[in-house]
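Student: Below you'll find the structure I mean.
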Amino acid sequence: MLAQLTYLVKKSRWISASCRHKFSASVRRIAEPKMDCSNCTTLDPRPCPERAAASAGVSLWVPAGLAMGAAAALGFARFAYSLLLPAMRHGLHWSFAQAGSLGTAMAVGYLLGSLLTVQAERWLGTARVFVHGLLLTAASLLAMALFHDYGALLLLRFIAGFATGCVFIAGFSLAARAGAASGRSSLFTIIYGSGAGIGMVLSGLLLPPVLASEWNWAGSWIVLGLLTLFTIALAIPAVKRVPPMAAAAADGAGVSLGRLRPILWAYFLYGAGYYALMTFVIAYLHAAGYGQARIVDFWIVAGLAVSASMALWGPLLGRLSGSRGVVLTTGVLIASALVLLLQHGVAAVMLSAALFGGSLMASAFAHLDYARGLVPSHAWTRIIAAMTVMFSLGQTAGPLLCGSIADYGGMRIGMFSAIGLLVLCIALASRQRGSTVSA
């Protein structure tokens, strides 16, 4: 195992040496070039000639490169913690509440990153926020290997949450912009979102051997940090090919969000329930007696399902009206947890993994798409920002609440409490009233 880690370190040095000069120049040049798009408006679906010309040649390799940011922000920095949690909890003698608190710390950081990303983009540009966020993510992951102090690890997870919040939102904006002029925004954002599954698969393949070695969880954080550095080298060429930004959209003034309270609070509950499940599912598999090989299989199948689900759910969600998309996708996520809790055996684990990964990101996109359809196009930015804040608040509360319940009633009860939050999410989303507004 030492030889494998040595190889990874040497590989990272080679990447650093070969990209050093180009990387520094790229980071300085990735700010969007200025372009006269004064005739562009959010209510006019036709791209101006300048943007149309800039986007006409954008290939699918651009969102694929940007997807490496989602792989790092979600797959490596956020989701992989579930794989490391049992080893960290055992080695550092944590309670479930303490383990959940690290998830809460990251969620608080993500909330702050979500709130500040728009302002950061005004100062630095979307591309710089994306790349600098990835750099901060890599640094926070590498630093996790250096500390055993609970407070220091909490701070590092907060920093990782802040950085990944900036990365994911900025990357989503870049992907949507890259496909906007040619009418392929949905396709480009789906490809971008699939990066989360890629990150899950890679972490599922690479981390178990490290966890089984003397390097254990500390070595695993080093591997995740090095992988994140590698994603930067892949993402920068894609960032440089994203077309310039159009004229600023209206801020949604005059649109009341009061009537959207049901879907806003539903997304809060979804964030709480999904993140609690994501945080503790691997610990539950350990407690249920499944071996490391079966847990790795669960993680890889879930990651593959995340990547595939973005394309499979898209056409179906487009045909469902009202809150049905939210109800269906969240219902599948609930079913994935129930299969794991009520059944035992390899078949149940694999079915749960497929359902879990197949609904995880799809349900989040279903919530956002439903909320966006309830307001006119000039208010899209405002409603998406409000939804993101509620989601982040839910992620903050979920792991801490369910972890505390697990400490008193056991891991099984903690998992059922997360399911209860998702059931409440469906109930609230179903109470949302209002017809879809055309752009």
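Each residue, glycine too, has its Cβ placed from N, Cα and C.
Owing to the predicted nature of the structure, the values given are computational and were not obtained by experimental measurement.
Straight out of TrEMBL:
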{"type": "DOMAIN", "residues": "63-435", "note": "domain 'Major facilitator superfamily (MFS) profile'"}
{"type": "TRANSMEM", "residues": "60-84", "note": "transmembrane segment"}
{"type": "TRANSMEM", "residues": "96-117", "note": "transmembrane segment"}
{"type": "TRANSMEM", "residues": "129-148", "note": "transmembrane segment"}
{"type": "TRANSMEM", "residues": "154-175", "note": "transmembrane segment"}
{"type": "TRANSMEM", "residues": "187-207", "note": "transmembrane segment"}
{"type": "TRANSMEM", "residues": "219-239", "note": "transmembrane segment"}
{"type": "TRANSMEM", "residues": "264-286", "note": "transmembrane segment"}
{"type": "TRANSMEM", "residues": "298-318", "note": "transmembrane segment"}
{"type": "TRANSMEM", "residues": "325-342", "note": "transmembrane segment"}
{"type": "TRANSMEM", "residues": "348-368", "note": "transmembrane segment"}
{"type": "TRANSMEM", "residues": "380-401", "note": "transmembrane segment"}
{"type": "TRANSMEM", "residues": "413-430", "note": "transmembrane segment"}
Student: Mind pulling out the one from 96-117, 187-207, 413-430 with the most Cβ pairs under 8 angstroms to the transmembrane segment (380-401)?
Tutor: 96-117
Student: Counting only pairs 6 or more apart in sequence, are there at least 3 Cβ pairs under 8 Å between the transmembrane segment (298-318) and the transmembrane segment (348-368)?
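Tutor: Judged by the Cβ rule, the two regions touch, with the required three close pairs present.
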Student: State the residues, same chain only, that lie 6 or more residues beyond the ends of the transmembrane segment (348-368) and have a CB under 8 A from a CB inside it; answer 'none' if no residue qualifies.
Tutor: 193, 196-197, 200, 263, 266-267, 270, 274, 277-278, 281, 285, 290, 294, 297-299, 301-306, 308-310, 312-313, 317, 325-326, 328-330, 332-333, 335-337, 339-340, 384, 387, 391, 429
Student: May I ask whether the transmembrane segment (325-342) has at least three C-beta pairs under 8 Å with the transmembrane segment (60-84), counting pairs 6 or more apart in sequence?
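Tutor: When sequence-distant Cβ pairs are counted, the transmembrane segment (325-342) does not touch the transmembrane segment (60-84), since fewer than 3 lie under 8 Å.
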Student: What stretch of 129-148, 187-207, 264-286, 325-342, 413-430 shows the most Cβ pairs under 8 Å to the transmembrane segment (96-117)?
Tutor: 264-286
Student: Over the span of the domain 'Major facilitator superfamily (MFS) profile' (63-435), how high is the average pLDDT in this prediction?
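Tutor: It averages 87.
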Student: Taking the transmembrane segment (325-342) as the reference, which of 187-207, 264-286, 413-430 gives the largest number of Cβ pairs under 8 angstroms?
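Tutor: If we count Cβ pairs closer than 8 Å to the transmembrane segment (325-342), 413-430 scores highest.
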